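**Q** This is the structure, below, for whatever I ask next.
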Amino acid sequence: MWSYTFRRVLMTIPTLLLVITVCYLMLHATPGGPFDGERKVSAAVMANLQAKYHLDLPLWQQYLYYLKSLLQGDLGASFRYADWSVNDLVAKALPVSLTIGGGSLLISVLIGVLLGTVAALRQNSIVDYFVMLLGNVGSAFPSFVIGPVLILVFAIWLGWMPAGGWDGFDVRYMILPMALLTFINVSTIGRVMRGSLIEVLNSNFIRTARAKGLPLRTIVVRHALKPALLPVVSVIGPLAISSITSAVVTESVFSLPGLGKLIVNGASNRDYTLVLGLVVLVTVVAVLLNLLVDLAYALLDPKIRY
Amino acid sequence: MTHKTALRMVAASVALALAGVSGAALAAKVPAGVQLSPKQELVRNNGSETETLDPAIAESVGANNLTRDLFEGLTATDADGKVVPGVAETWKQKDPTTWVFNLRKNAKWSDGTPVTADDFVYGWQRFLDPKTASPYASTYGTFVLNGLEVAEGKKKPAELGIKALDKYTLEVKTPYPVAFLPDVVSNLNLGPVPKAAVEKYGKDWTKPGKMVSNGAFVLKDWQVNSKVVLEKNPQYWDAKNVQLTRVTYLPVEDGYADVKLFQSGENDWVYQLPPGTYDKYKAEFPKDIRNAPMLGLRYYSFNNKDPLLKDVRVRKALSMVIDRDILAKKITADGQVPAYGVIVRGTSGADVTTYDWASWPMAKRVEEARKLLAAAGVKPGTKIKFTYNTSEYHKKMAIFAASEWKTKLGLDTQLENMEFKVLLKKRHDGDFQIARNGWVADYNDATTFLTLVQCKSDQNDNFNCNPKAEELIKQGNASQDAAKRKQLLTQAAKLVMEDYPMLPLLQYTVPRLVKSYVGGYSLKNPMDRYRSKDLYIIKH
C-alpha cells in the first residue's frame with residue numbers, strides 16, 4: 001500500500017504541471033488584462049504596471065519565472081490586491097474554507113450515514129419519507145434560495161445569528177453557512193447511503209447471514225455497513241472539493257472570506273497569479289482527496305488490494 | 001468605474017486661493033439640539049475588498065474611501081463637497097503656474113512626529129515614480145510640472161514640480177494654469193507618505209501595527225475579504241471635532257447580502273442598492289433611503305470609425321429617438337436624471353449643454369430622425385450591433401434602446417453581452433458598433449468629462465476628434481479668468497456634442513440605505529465622497 005501511495009503522490013507532479021500549463025495559457029488567451037478598467041490607463045502607466053509584475057517579458061519567460069518561484073513555494077504577488085502576496089491571501093482564506101467546508105462535511109457524513117441507514121432499514125416509514133423529502137429538497141432547491149431563507153428566519157426575524165460576515169473564528173458566524181452546506185451535503189449522502197444499503201441488504205451474503213440467525217444489528221454493523229459505504233465514500237471526494245474550495249454561492253450569500261470568492265474574483269479581475277495559485281491548491285486537494293478515497297476503498301472492501 | 005477623488009467648485013477654490021483662506025476646522029459639526037449616541041461606532045459597506053491601503057496606488061472608490069479616512073492631504077472636501085483646509089492651513093496662487101501651501105504646525109503622524117512639507121514631497125515623488133506604477137499617475141501627474149515625464153521615466157522624481165521651501169511651506173509648480181489645484185490636491189494619491197515606515201517595512205507598511213498615518217483615523221485591524229477596522233486617531237490635529245471612535249468597513253459585494261446585513265443591524269450603510277430595488281426599499285425604509293445625483297454619466301459609445309456609424313446623421317438619428325424620460329422614470333427607476341450632453345449637472349468649469357430637439361415632442365424627433373436616416377441611405381431593417389457587459393441593469397437599458405431603434409426607426413439591433421473585461425478590450429480596440437459605457441468624475445471639473453470626447457484621449461472610446469473643440473479646450477485651460485474659461489469649455493462641450501460622438505443617457509445616482517441615526521450624511525455631495533470625520537451617530 002505504501003508504494004502505491006508513493007506512486008500516486010508522485011503522479012501528482014505531472015498532473016499539476018499539466019493543469020498549471022493549460023490554466024496559464026487559458027488565462028493569457030482570455031481577452032482583457034489585469035490592468036484594464038473602465039478608465040483606461042495611459043500607455044506609460046500600463047508599461048510601468050506591466051514591468052512591475054513582469055508582464056512585459058515574453059510569455060514563455062513569464063511562465064518559467066512563475067514555475068521557478070512556485071518551486072520555491074512562492075505563489076507570486078497578487079495583481080489586484082497590491083498589499084498581499086498570493087501566499088498571504090490563500091493562508092487567510094484556507095482556514096475559513098476548511099472550517100466551514102470541512103466542518104460541515106464531517107457533520108454531514110455522520111448525519112447522512114445515520115439517516116440513510118435508518119431510512120434503509122425502515123423503508124416506507126416516516127423516517128424514510130423524511131430522508132427522501134430532505135434528499136429531494138436539498139437537490140431541488142439551490143443554495144442561493146435556501147441561504148437567504150435561513151438569513152431571513154434566523155438573522156432578520158429571530159435575530160439569533162448574524163446575517164453574514166466573519167469575525168476571527170467566532171462560532172456565531174459559522175452556524176448558518178455550515179447549516180446550509182450541511183443540509184445540502186446531507187441530502188446527497190443520505191440519499192446515496194439509503195439506496196446503497198437497501199441494495200446490499202438484498203444481496204446473497206446478507207441472506208446467508210440472516211439464515212445463520214444473526215441479529216439484524218450484527219448483520220448491519222458487521223456485514224452490510226462496510227460495502228454500503230463504498231458509494232458514499234465515492235461521493236465524499238467531489239463533495240469535499242465543492243464544499244471547501246468552491247462554495248462560491250455560500251460564501252457570497254454569507255459574505256465569507258473563503259477560497260471560492262477569491263477564485264471567482266481572481267478570474268474576473270484577471271489576477272493571473274491568484275487564479276493560478278488557487279488552481280494549484282485545488283488540484284493538490286483534489287488529488288489528495290481522490291487518493292484518500294481510493295485508500296478508503298481498500299479498508300472497506302477486502303477484495304481491493306493495492 | 002473608478003470614481004475617485006478630488007476637485008470641486010473651481011470658482012470657489014479660485015476665490016479661496018486668491019484670498020488665501022484661513023484654516024478653521026470644519027469637521028463633524030453637530031447641529032445644535034442633536035443628541036449624540038454614547039456609542040460612536042459606524043459600520044459602512046465599501047462594496048468590495050480594497051485593492052490596497054497605500055494611498056499612492058489606491059484606484060477604486062473603496063480604496064479611496066479608506067485612504068481618505070486614514071490620511072489627509074493638503075486640502076480635503078467636506079460632506080457638501082466643498083474644499084476645506086487639510087494639512088495646509090492656507091494657500092495662494094503666486095503666479096499662474098506657482099502655488100504656495102502653508103502647512104499647519106500642529107499636524108502630526110499617528111506616531112507623534114510632525115507632518116512636514118518633506119512628507120508631501122516624498123509622497124508626490126513616490127506616487128509618480130514608475131516603480132510605484134500607480135494607475136492614477138497620468139491622471140494627476142498632468143497637473144504637476146514634469147509629472148508626466150516622471151511617470152514615463154523620462155525625468156527623475158527629484159525633478160518634479162514640488163519643493164519644500166521650509167519645514168512648513170510647500171511650493172507646487174504646474175505645467176499650465178490649473179485653477180482647481182486646491183481641489184486636485186485633496187485627493188490622497190497626492191497625499192503625504194511616512195517615509196520612515198515605508199523604508200522600514202517595505203510593502204508591509206500598510207498592515208495593522210505597522211501603518212503610520214496622519215488622518216482622522218488609524219488602522220486597527222484588516223481581515224482580508226472580511227473587514228477593515230479604523231479607530232479614532234488621538235494624534236490628529238482636529239481630533240476634538242471627530243465624533244466617531246470606530247469605523248468598520250465591510251467588503252460585501254452582493255447587493256442583497258448587503259441589504260440583509262443592514263436589516264439585521266450589522267451594517268449601517270448599504271454601499272449601493274441592487275438594480276431595480278429602489279422603489280421597493282424606498283417604501284420599506286422611508287427614513288433610511290438616501291439618493292442623490294452624482295458626477296457620473298451613463299452613455300453609449302458610438303464607434304465613429306464604423307462604416308455605418310461614421311455618418312453623423314446616423315449617430316444623430318440613433319440619439320434622437322431614445323426617450324430618456326421613460327428610461328429614467330420607468331426602466332431604471334432609481335432617480336437618475338436624463339442627460340443630453342457630456343457634462344452633467346453639478347459639474348464645475350462648464351455648463352450643462354443640451355440638444356435643440358431634446359424639448360421637441362417625440363413624434364417630431366422620430367420624423368426628423370427618419371429623414372436623417374433616409375438621407376444617409378440607411379434603410380429600415382438595417383442591422384446594428386450593441387455590445388454590453390453582462391448585468392441585469394445594462395440588459396434592461398439595452399433592450400429599451402433596441403426597442404426604441406426598432407419601433408421608431410425600424411432598425412434591427414443585435415444585443416451581444418459579455419464579461420466586463422472582454423467588453424473593455426473590445427471597446428478600447430474599437431471592435432464594436434455601439435457599446436455601453438460610463439464615467440464617474442475623478443475631480444469636479446468639466447475637463448474630467450471632456451476627456452471622453454477629446455482627440456486621442458485615453459478615455460475616448462468613440463474614436464472621434466473635433467479639432468475646433470480641442471482648440472477651445474486648450475484656450476480655456478490657458479485662461480486665468482474663471483468665467484472666460486467656463487464659457488470656452490461650455491462652447492467646446494456644445495461643439496463636440498454636435499458631432500454626436502456618443503449617446504448620453506443618464507446622470508448617475510447612488511441609491512443606498514444609510515441608517516437614519518447616521519448624522520452628517522449630506523445629499524449635496526456630488527463626488528459621493530464621505531469622510532468618516534464628518535459623520536456621527538445620533539442618539540437612537
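Yeah, the Cβs are placed from backbone N, Cα and C, and that goes for glycine too.
TrEMBL labels come from automatic prediction, so no person has curated them.
According to TrEMBL, the feature transmembrane segment maps to A:9-27, A:98-121, A:133-160, A:172-193, A:228-254, A:274-300. Residues or ranges marked as domain 'ABC transmembrane type-1' in TrEMBL: A:94-293.
Buried or exposed, and what's around them? Tell me for each listed feature.
**A** Beyond the ends of the transmembrane segment (A:9-27), by six or more residues, the same chain brings 63, 66-67, 70, 270, 272, 275-276, 279-280, 283-284, 287, 291 to within a C-beta distance below 8 angstroms of the stretch.
Long-range neighbours of the transmembrane segment (A:98-121) within the same chain, counting only residues 6 or more positions beyond its ends whose Cβ lies under 8 Å from a Cβ of the stretch, are 127-128, 130-132, 134, 169, 174, 177-179, 181-182, 185-186, 188-198, 201, 216, 220, 225, 228-229, 232, 236, 239-240, 243-245, 247, 250, 256, 258.
Away from its own ends, the transmembrane segment (A:133-160) comes close to residues 115, 176-177, 179-181, 183-184, 186-188, 190-191, 194, 249-250, 252-254 of its chain (Cβ-Cβ under 8 Å, at least six residues beyond either end).
Long-range contacts of the transmembrane segment (A:172-193) within its own chain (CB-CB distance under 8 A, at least 6 residues past either end) are made by residues 99-101, 103-105, 107-109, 111-113, 115-117, 119-120, 131-132, 134-139, 143, 146-147, 150-151, 154-155, 161-162, 164-166, 228-229, 231-232, 235-236, 239, 243, 247, 250-251, 253-254, 256.
Nonlocal intrachain contacts for the transmembrane segment (A:228-254), taken as residues 6+ away from its ends with a CB within less than 8 angstroms of a stretch CB, comprise 97-98, 100-102, 104-105, 108-109, 112-113, 116-117, 120, 142-144, 147-148, 151, 163-165, 173, 176-177, 180-181, 185, 188-189, 192-193, 195-197, 199-200, 260-261, 263-264, 278, 281-282, 285-286, 289-290, 292-293, 296-297, 300-301.
Residues 1, 5, 8-9, 11-12, 15-16, 19-20, 23-24, 27, 66, 70, 75-76, 78-81, 86-87, 89-90, 94, 226-227, 229-230, 233-234, 236-237, 240-241, 244-246, 259, 262-263, 266-267, 306 of the same chain lie 6 or more positions beyond the ends of the transmembrane segment (A:274-300) yet place their CB under 8 Å from a CB of it.
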